[in-house]
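What follows is a set of notes on a single structure, which appears directly below.
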Amino acid sequence: MKFFIVLALCIVGAIADPVSSDQANAIRASWAGVKHNEVDILAAVFSDHPDIQARFPQFAGKDLASIKDTGAFATHAGRIVGFISEIVALVGNESNAPAMATLINELSTSHHNRGITKGQFNEFRSSLVSYLSSHASWNDATADAWTHGLDNIFGMIFAHL
């Protein structure tokens, strides 16, 4: 029962302050420019935060340059970017809030079970935004849209950690 109460609160929280249609469009437009750069996005995260790389047994202790061009790296990068793409596709439509909550809850649960901390999620966020701001069409409105959307998503994640 407690789970359903927390889930309901997360959905209400996301709905209470959803991104606007213009913000959703800005998020989608900027994401469209980088969503096929899966390997580069994950490499940027690992380069910025080696502690995150260390959380992946198949990549821990290895030089980033030696793993970046491997199939295992590309596959995992595709999973991460694919998740973000799913969320980006759903953002901006309040009727999608339950679907977003389900995806985010699954991510939260699996990462909680692996001992991933709020700090590491925030590190990931920082690297993602840094990558976006330097590789996508970016302005103040786009930055505000991503901040708003990520605040909603990370609020939901942190409610489950």
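In case you wondered, yes, glycine gets a Cβ from its N, Cα and C as well.
Annotated in Swiss-Prot:
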BINDING   H76, H111  heme b binding site
DOMAIN    18-161  domain 'Globin'
SIGNAL    1-16  signal peptide
Which whole-number mean pLDDT does the model give the domain 'Globin' (18-161)?
96
Using DSSP, what is the helix/strand/coil residue split across the domain 'Globin' (18-161)?
110 helix, 0 strand, 34 coil
